[in-house]
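K.L.:
Annotations per Swiss-Prot:
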BINDING   GLU43, GLU68, ASP95, ASP117  S-adenosyl-L-methionine binding site
ACT_SITE  ASP117  active site
BINDING   LYS121, ASP153, THR190, GLU191, TYR192, GLU193  substrate binding site
Amino acid sequence: MRVRYKPWAEDYLKNHPDLVDMDGAHAGKMSEWFEKEQPIYIEIGSGMGQFITTLAAQYPEINFVSMEREKSVMYKVLDKTKEMGLKNLKMICNDAIELNEYFKDKEISRIYLNFSDPWPKKRHAKRRLTYHTYLALYKQILKDDGEIHFKTDNRGLFAFSIESMSQFGMYFTKMNLNLHDEDDEDNIVTEYEKKFSEKGSRIYRMEAKFHKCFE
């Protein structure tokens, strides 16, 4: 998704009450940003925020974190959060490679990866959010029974992710090769998903966990 630069976005984000600061004072203490201590789910690459705000509204018993690196997009999520009166959703404006600056080990119950940039060129594989470098970060912050929910319209990225996760010691608990041809009442459609499914694009989805290590 190409984002149009908005020069005023950075000033808008500064000191916003729903945006987690980056001074490190709260690193590993994400629960302190919320009114209640509840399980934490995060979405990496939230875009315009339709998915994460819908989830937060449906599940008040869960705390949600939206992680988006584009300041020119993040303000939309902040606006939706305020309009909907969501007390269980906070935002981080940073790259996923910095995850362990915000979350301590085994703090997160679920990670959502929705329509991540496929980085189709082979030399850019390490930038994909299912590359082993990122999987190592996810394993570090996820609880032992934590999950990764992944959704894409890119067949190449889906195949790469299956291979990458398998090689990293993960297993799949659910897999959809054509999501919109199946009756999945729990599916929340993102802006991107709606646009491309209406054009006939196939949507791929899977849920995965890390194997537990036994001594």
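Glycine too: its Cβ is placed from the backbone N, Cα and C atoms.
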K.L.:
With a 10 Å radius around each C-beta, find which of these binding-site residues (ASP153, GLU193) has the fewest other C-beta atoms nearby.
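P.N.:
Output over binding-site residues ASP153, GLU193: least Cβ neighbours within 10 Å is ASP153.
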K.L.:
Which one is closest to GLU68 (S-adenosyl-L-methionine binding site) in space, judged by CA to CA distance, out of the binding-site residues LYS121, ASP153, GLU191?
P.N.:
GLU191
K.L.:
Between the binding-site residues GLU68, ASP117, TYR192, where is the Cβ count within 10 Å the lowest?
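P.N.:
Looking at the binding-site residues GLU68, ASP117, TYR192, the Cβ with the fewest others within 10 Å is that of ASP117.
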K.L.:
For each of the binding-site residues (GLU43, ASP95), count the other CB atoms lying within 10 A of its CB, then report the residue with the highest count.
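P.N.:
Within the set of binding-site residues, the most crowded position is GLU43.
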K.L.:
Can you tell which of the binding-site residues (LYS121, THR190, GLU191) has the fewest other C-beta atoms within 10 angstroms of its C-beta?
P.N.:
LYS121
K.L.:
What is the set of residues, excluding GLU43, GLU68, ASP95, ASP117, whose C-beta falls within 8 angstroms of the centroid of the C-beta atoms at the S-adenosyl-L-methionine site?
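P.N.:
Result: ILE44, GLY45, SER46, MET67, ARG69, GLU70, ALA96, SER116, LEU129.
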K.L.:
Using Cα coordinates, what distance in whole Å links THR190 (substrate binding site) and GLU43 (S-adenosyl-L-methionine binding site)?
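P.N.:
Pair distance, Cα basis, whole Å: 12 Å.
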K.L.:
The record names LYS121, ASP153, THR190, GLU191, TYR192, GLU193 as the residues that bind substrate; what is their largest Cα to Cα distance in Å?
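P.N.:
It comes out at 25 Å between the most distant Cα atoms.
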